[in-house]
Amino acid sequence: MGNEESVFFSRVLTELTLSFHIIYATIGVGVPLMIMIAQWVGIKKNDEHYILLARRIARGFVITVAVGVVTGTAIGLQLSLLWPNFMQLAGNVIALPLFLETFAFFFEAIFLGIYLYTWDRFENQKKHLLLLIPVAIGASASAVFITIVNAFMNAPQGFDILNGELINIQPLVAMLNPAMPTKVAHVLVTAYMTTAFVLASIAAFRLLKGSNHIYHKKSLFLMLKLGLIFGIAAAIIGDFSGKYLAAYQPEKLAAAEWHFETEKGAPLVLLGILDGEEVKYAFKIPYALSILAHGSPATEVTGLNDFPQDEIPPLYIHYLFDGMVMIGMFLVFISFVYVIGKIRKWKFISSRWFRWIVVMGGPLAILAIEFGWWLAEVGRQPWILKGFMRTAEGATTSNNVDIMLILFSGLYLILGIGSVVVLRRMFRNNPVEQELEDRHAEKGGDFT
Amino acid sequence: MTLEIVGISVLWLFLFGYLIIASIDFGAGFFNAYSLLTGRQHILTNIIQRYLSPVWEVTNVFLVFFFVGVVGFFPKTAFYYGTTLLVPASIAIILLAIRGSYYAFETYGSRGHKGYSFMYGIAGLFIPASLSIVLTISEGGFVSMVDGQPVLDYWELFTNPLTWSIVVLSIAAVLYISAVFLTWYADKAKDAKATSLMRKYALLWSLPLIITAIGIMVELRQHNAEHYGRMLDFWWLFAISAVMYVGTVWLIWKRKKYGLALSLLIGQFALAFFAYGISHYPYLLYPHLTLYDGFTNPTMAVALIIAFIAGLGLLIPSLYLLLKLFLFNKDYVRGKKDNHA
Ligand code: HDD
Ligand code: HEM
Ligand code: HEM
C-alpha cells in the first residue's frame with residue numbers, strides 16, 4: 001500500500017471517529033447544563049417533577065459520557081497515530097490547549113463521579129446542585145479547548161517558519177487566533193441547542209407513546225424554551241462565523257455558496273445543482289450573501305475563480321451548509337411556534353402531528369452538527385494547517401490503516417447500537433410514573 | 001533541573017498514577033469475571049463495584065493526560081511512536097473502549113449479563129499487555145529507519161523473549177496490585193470472606209511478579225547492554241524496592257496491617273518504576289530519540305509547566321474530595337449508603 005492509500009484511509013478513519021465522537025461529545029457538553037437548569041427550577045419551584053427530570057437525565061448521561069470518553073480517547077490517540085507529522089508541528093505550537101483540555105476532563109470526571117453518587121446524601125439540595133457546576137464548567141471547557149485547536153488549524157498564527165525551523169513561538173497568540181471567537185461560541189451554543197432539542201424530542205416521544213403525564217409536558221416546554229433561546233443565539237453567531245470566513249477563509253465561503261465570480265451585491269444560493277460553473281434550479285436570495293459576508297448588501301464577495309485551482313475545497317460542501325442553516329431555521333421556527341402556542345393556548349401544539357415534528361427535532365439537530373463539522377473540515381481542504389501543511393503531508397506512512405479502519409468501524413457499530421439499546425432498556429424498565437410512586441412510598445418512612 | 005527533566009518527571013509521575021489505579025481497575029474486572037466462573041461472585045461483586053463505580057472515568061483521564069502531555073512536551077514522539085504504534089495502540093484503544101463502555105452499560109443498564117463480565121475481565125488483561133509493548137519498543141532494536149520513516153519490525157518484536165516477559169510482567173503486576181488493594185479495601189469494609197479470598201490471590205500472584213521482574217533484567221542485559229548498565233548504577237533503588245516487596249508479602253501472609261502493606265506496595269512499584277525510568281535516560285527511543293532532540297521549544301515548555309501547576313491546584317483538592325467521599329468514607333465503603341442517581 002502506497003503513501004496515497006495511507007492518506008486516504010487516514011482521512012476516512014479520522015472522519016469516522018470524529019463524526020461518531022461528536023454526537024456523544026455534543027450531548028456531553030450540553031447535558032450538564034440542562035441537568036443544572038432542571039434541578040435549579042425544581043428547587044426554586046419546589047417541584048419534584050423537575051428534580052426527577054434532572055435525576056433521570058443524569059442517569060442516562062452516564063451512558064453517553066462513557067461512549068464519549070472512550071471515543072474521545074480514541075481520537076486523541078489517533079491524532080498522533082494517523083497524523084504524526086502534523087502533530088509534531090502542532091505539538092510545538094498548539095499543545096497548550098490540548099494539555100489544558102486534560103485538566104478540564106479531570107475536573108469534569110471527578111465531580112461527575114461525586115455528583116452521581118451523592119443523590120439525597122445532602123440535606124440541602126442546593127449543595128448537591130453546587131457539585132454540578134464544576135461538571136458543567138469542565139464539559140464546556142473541554143469543548144472550548146478542543147475547538148481552539150481546530151480554530152488554529154483554520155487560521156494558524158503565533159509562530160514563524162525560517163528555513164524549515166519554527167521560531168517565535170507564542171502559545172497564547174496561537175490560541176487567540178482569529179477563528180477562535182466565532183468558532184468557540186458557535187460550537188458551545190449549538191451543543192446546548194442540540195441537547196435541548198434532543199431532550200424535547202424524548203419528551204414528545206413519550207407523550208406520543210401513551211404516557212400523558214404532566215412530567216413530560218413540563219420537560220417538553222422547558223426544553224423547547226431553552227432550544228429557542230440557544231437556537232436564536234446559534235443563528236446570530238452563525239452569521240458572525242460567515243463574516244469570519246469572508247475575512248480569513250474566503251475560499252471556504254465561496255465554495256459553500258457556489259460563488260464563482262467576484263461581485264458586489266452577491267446573492268445567497270440555496271440548494272440547486274451545479275452544471276459546470278452554472279447553478280441550476282436554485283433559490284437565490286438577492287444580496288443575502290453580501291450581508292452574510294460583510295453585513296451590507298452592496299459589498300463585494302470574492303469568488304472561487306480568484307483562487308488557485310488546487311486550493312479550492314470540494315464544492316459539495318454547499319449542501320452541507322444549506323442543510324445546517326435550514327435545519328437551524330426550522331428548529332427555531334418550531335420551538336417559537338410551540339412557546340407562543342403555549343402562551344396563547346393554541347390547541348394544535350398538543351396534536352399528534354406537531355409532536356411528531358418535535359420528535360424529529362432531536363435527530364435533525366444532531367444532523368446539523370454533523371453537517372456543520374463536515375462543512376468546516378472539508379471546507380478547509382486541501383490544508384490540514386491552512387497555508388502551512390497539506391493534509392497529505394501530515395498523514396502517517398504506516399501501511400495498516402485500512403485494517404484499523406475496519407476494526408474501528410466495527411467498534412463504533414457496537415458502541416452505537418449498545419448505547420441505544422441500554423438507554424432504551426434503562427428507561428423502559430423504570431417509567432416515570434413508577435419512579436414517582438416509589439419515591440412517595442419511600443418518603444413516607446424516613447426522611448434521609 | 002532542566003525543563004526536559006521537569007517535563008519527563010511530570011509525565012512519568014502521571015503514568016505511574018495510571019499504572020496503579022488502572023491496575024486496580026483491570027485486576028478487579030478480572031477477579032470479578034473469575035469469581036463468576038467459579039460461582040463465588042457474591043463474595044466479590046459488591047466490593048468491586050463500590051470501589052470502581054465512581055472512579056473509572058478518572059482512571060481513563062490519567063492515560064489521556066499522559067499521551068497528550070508526551071506530544072506536548074516531546075512533539076517528536078508523535079513522529080516516531082505515532083508512526084510505529086498504529087497497530088498496537090489501536091488495539092489497546094479498541095479494548096479500552098469495549099471495556100469502558102461495557103462497564104457503564106452493565107452497571108447502569110442491564111445488570112448481570114455474564115458475557116459482558118467475561119469480556120470485561122479478559123479485556124482488562126489484554127490492555128496492559130498491549131500497552132506494555134510501548135516499553136518494549138522503547139528499548140530499541142525493533143524500529144529501523146527506512147527512507148527517513150520509522151518502521152516497526154513485527155517479526156522481531158513478537159519473536160523476542162523480552163517482549164513476552166514484559167507482557168507477562170504487566171499482567172502479573174496488574175493482578176498483584178489489584179489483589180493487595182482489594183484485600184485492604186475488603187478489610188476496611190469489614191467483609192471477612194472477601195478479604196480472605198483477595199488475600200489468597202495476592203499471595204498467589206506475588207511469586208510470578210518477582211520471577212518475571214528478575215527475568216526481564218537478565219534479558220535486558222543481552223538486548224540493551226547500555227540500559228542494563230545504567231540500571232546497575234541504580235541498584236540501590238531496586239534493592240529498596242525489593243525489600244518493600246518482601247514487607248508487603250510478609251504483612252499479607254501474617255494478616256496484619258493491610259494499610260501498611262498497601263503503602264509498601266505503592267512504594268515498591270514507585271521505586272522500581274522510577275529507577276527504570278531514570279536508567280532509561282536520556283533515551284525516549286533507543287537509539288533514535290533522546291529527551292533533548294525530542295523536546296519542544298522553551299516557550300511552550302514553560303507555558304505547559306505553568307498550566308500544569310495551575311491545573312494541579314485545581315486537581316489535588318478535587319481528587320482529595322473524591323477519595324474522602326468514596327475511599328475513606330466508612331458508611332460508603334461498608335455499603336450502608338447508596339445514593340446513586
Ligand atoms: C445545531 C447545529 C447548528 C446549527 C443549527 C447551525 N450551525 Fe453553523 N456550525 C455548527 C452547528 C450548527 C457546528 C457543528 O458547531 C460548526 C462546525 C464547526 C464550527 O465551528 O461550528 C458550524 C460551523 C459553521 C460555519 C463554518 C465556520 C468555519 O468553518 O469556521 C458557518 C459559516 C456557520 N456554521 C454558520 C451558521 C449559520 C449562518 C447558521 C444559521 C442558522 C448555523 N450555522 C446554524
Ligand atoms: C486537534 C484537532 C483536529 C485535527 C488534527 C483534525 C484533523 C482532521 C483531518 C486531517 C481531517 C481529514 C480531512 C479530509 O481529508 O477530509 C479531518 C476531518 C474531519 N474533522 Fe477534523 N481535526 C481536528 C479537530 C476537529 C474537531 C474539533 C472536530 C469536531 C468534532 C473535527 C471534525 C472533523 C470531521 C467531522 C471531519 C470529516 C470531514 C470530512 O468528511 O472530510 N475535527 N480532521
Ligand atoms: C467540538 C468537538 C469536541 C467536543 C465538544 C468534545 C467534547 C468532549 C467531551 C464532553 C468529552 C467527555 C469528557 C469526559 O466526560 O470526561 C470528550 C472526551 C474526549 N475528547 Fe472530545 N470533544 C470534541 C472533539 C474532540 C477532538 C477533535 C479530540 C481530539 C483531540 C477530542 C479528544 C477527546 C478525548 C481525549 C476525550 C476523552 C477524555 C477522557 O478520557 O475523559 N475531542 N470530548
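Backbone N, Cα and C define each Cβ position, glycine as well.
Quantities reported herein were computed from a predicted structural model and do not represent experimental measurements.
As given in TrEMBL:
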type	residues	note
TRANSMEM	A:20-41	transmembrane segment
TRANSMEM	A:61-82	transmembrane segment
TRANSMEM	A:94-117	transmembrane segment
TRANSMEM	A:129-153	transmembrane segment
TRANSMEM	A:184-208	transmembrane segment
TRANSMEM	A:220-238	transmembrane segment
TRANSMEM	A:316-341	transmembrane segment
TRANSMEM	A:353-376	transmembrane segment
TRANSMEM	A:403-423	transmembrane segment
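Within its own chain, the transmembrane segment (A:61-82) is flanked in space by residues 10, 13-14, 17-18, 20-21, 24-25, 27-28, 31-32, 35, 109, 112, 116, 395-396, 398, 401, 408, 411-412, 415, 419, 422-423, 426, which lie at least six positions past its ends and keep a Cβ under 8 Å from the stretch. Within the same chain, the transmembrane segment (A:353-376) packs against the transmembrane segment (A:316-341): three or more Cβ pairs sit under 8 Å, each pair at least 6 residues apart. Scored on C-beta pairs under 8 angstroms, the neighbour of the transmembrane segment (A:20-41) with the top count among A:129-153, A:184-208, A:316-341, A:403-423 is A:184-208. Counting Cβ pairs closer than 8 Å to the transmembrane segment (A:316-341), the top stretch among A:94-117, A:129-153, A:184-208, A:220-238, A:403-423 is A:220-238. Relative to the transmembrane segment (A:184-208), the listed stretch A:220-238 leads the set A:129-153, A:220-238, A:403-423 in CB pairs under 8 A.
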